[in-house]
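Asks: Have a look at this one.
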Amino acid sequence: MTQESAVKPFIEVLSGHRQPVPPVWMMRQAGRYLPEYRELRAKAGGFLDLCFTPEYAAEVTLQPIRRFNFDAAIIFSDILVIPYALGRSVRFEAGEGPRLDPLDTPEKVATLARHADFGKLEPVYEALRRVRRELDPRIALIGFCGAPWTVATYMVAGQGTPDQAPARMMAYRHPEAFADIIDVLVENSIQYLLDQLKAGADVLQIFDTWAGVLPPREFQRWSIEPARRIVAGVRAQVPDAKIIGFPRGAGAQLPAYVETTGVNAVSIDWAAEPSLIRERVQNRVAVQGNLDPLVLIAGGAALDRAVDDVLANYAGGRFIFNLGHGIQPETPIAHVEQMLKRVRGYKG
Ligand code: CP3
């Protein structure tokens with residue numbers, strides 16, 4: 001079978017065709033719970049060195065595929081490569097998460113570059129090309145970017161915070177300066193996603209990890225509207241581009257997100273309300289999710305029950321099995337195997 005003609009169950013779901021056994025992958029599936037990741041991570045030096053060395057980035061992307069034969073591979077990179085390509089300082093301190101130079105006044109925002117240096121992201125594109133060459137044609141390759149709101153929360157605060165108060169405050173106090181940051185991120189994210197499609201990505205995911213801290217009006221302005229612009233911008237060049245949105249914590253606002261943005265699927269977190277999702281989200285688009293990453297650490301009967309609940313809630317419609325957020329480093333590999341066995345044994 002040639003690469004072009006191979007059916008990808010993951011893409012089938014995004015095209016509106018439910019699969020009898022849902023395709024499955026995990027957010028953060030390349031990561032510290034895998035010993036082979038930790039080994040390469042130590043060899044690479046810094047986290048960004050790992051992301052920007054195509055040979056290494058391609059290898060860690062493929063590690064979870066070899067072990068678990070997931071239906072999708074996600075390119076190994078990070079959402080903060082866009083601020084990096086915009087010339088901001090971005091560092092990852094071991095055990096502390098990302099550190100950036102805070103962009104927390106209108107004066108600083110006025111100096112923000114409008115255009116990223118996409119040459120700096122060439123290693124990501126090269127890693128995508130390498131993975132595409134090696135990947136089984138039935139497995140989908142996912143490219144991604146951070147949603148403008150979530151990327152802006154790190155740019156403004158210069159780091160992650162418990163509730164992203166610095167960005168929320170800036171959006172209230174200096175809405176025009178904040179809108180400038182969002183505009184720059186929208187335009188450059190469109191280009192970055194198009195470049196990833198060109199390099200071999202089949203699907204794109206927009207990670208809005210911090211969408212859930214916004215009140216409805218702000219959610220509309222800073223999460224929904226930028227996602228709508230990104231989807232429209234990508235589809236202006238690639239009309240059939242497949243795009244998944246992940247507005248984590250959006251809750252009752254998920255139907256509005258889906259209706260307005262035009263995404264093909266939404267990724268939902270574990271707190272989502274099943275009847276709302278089935279009746280007002282899954283009737284329009286595919287759904288991806290939403291096992292609690294903590295129950296994957298716990299394992300045992302609790303894990304079996306939780307997997308069954310997710311399947312019972314969503315596998316009757318267009319569905320991709322995933323976690324409600326990224327897998328955590330302390331997760332036992334045996335529990336991932338237990339989860340996969342149960343998902344793949346689904347008869348519905
Ligand atoms: O899913 C995958 O396997 C692909 C790779 C991927 C990473 N980051 C690798 C990574 C993806 C899709 C991301 C997205 C990302 N990055 C998000 C959105 C999704 C989410 O998980 O919320 C966010 C908010 C970031 C920013 C970021 N990067 C933070 C806050 C941290 C530190 C927290 C942590 O887990 O250590 C990172 C670092 C990071 N990105 C790691 C990985 C595997 C850990 C770095 C390491 O190996 O030391």
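Positions of Cβ are set from backbone N, Cα and C atoms, glycine also.
Okay, so TrEMBL annotates it like this:
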BINDING   Arg28, Gln29, Ala30, Gly31, Arg32, Asp78, Tyr154, Thr209, His325  substrate binding site
DOMAIN    23-32  domain 'Uroporphyrinogen decarboxylase (URO-D)'
DOMAIN    142-158  domain 'Uroporphyrinogen decarboxylase (URO-D)'
SITE      Asp78  site 'Transition state stabilizer'
Asks: Just how spread out is the substrate site if you go by the largest Cα to Cα distance in Å among Arg28, Gln29, Ala30, Gly31, Arg32, Asp78, Tyr154, Thr209, His325?
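Replies: Across Arg28, Gln29, Ala30, Gly31, Arg32, Asp78, Tyr154, Thr209, His325, the two farthest Cα atoms sit 22 Å apart.
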Asks: Among the binding-site residues Arg28, Arg32, His325, which residue has its Cβ surrounded by the fewest other Cβ atoms within 10 Å?
Replies: Arg32
Asks: Using DSSP, what's the helix, strand and coil tally for the domain 'Uroporphyrinogen decarboxylase (URO-D)' (142-158)?
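Replies: Summed over the domain 'Uroporphyrinogen decarboxylase (URO-D)' (142-158), the classes give 10 helix, 5 strand, 2 coil.
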Asks: If you run through the domain 'Uroporphyrinogen decarboxylase (URO-D)' (23-32) with DSSP, how many residues end up as helix, strand and coil?
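Replies: Per-class counts: 0 helix, 1 strand, 9 coil.
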Asks: If you measure Arg28 (substrate binding site) to Asp78 (site 'Transition state stabilizer') at Cα, how many Å is it?
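Replies: Checking the Cα atoms of Arg28 (substrate binding site) and Asp78 (site 'Transition state stabilizer') gives a distance of 10 Å.
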Asks: Taking 10 A as the limit, how many CB atoms besides its own sit near the CB of Asp78 (site 'Transition state stabilizer')?
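Replies: The answer is 18 other Cβ atoms.
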Asks: Using C-alpha atoms only, work out the spacing between Tyr154 (substrate binding site) and Asp78 (site 'Transition state stabilizer') and round it to an integer in Å.
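Replies: Pair distance, Cα basis, whole Å: 12 Å.
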Asks: Please report the distance from the Cα of Asp78 (site 'Transition state stabilizer') to the Cα of Ala30 (substrate binding site), rounded to the nearest angstrom.
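Replies: Distance (Cα to Cα, whole Å): 12 Å.
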Asks: Long-range same-chain neighbours of Ala30 (substrate binding site), Cβ under 8 Å, sequence gap at least 6?
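Replies: Listed in sequence order: Tyr37, Val60, Thr61, Gln63, Pro64, Ile74, Phe76.
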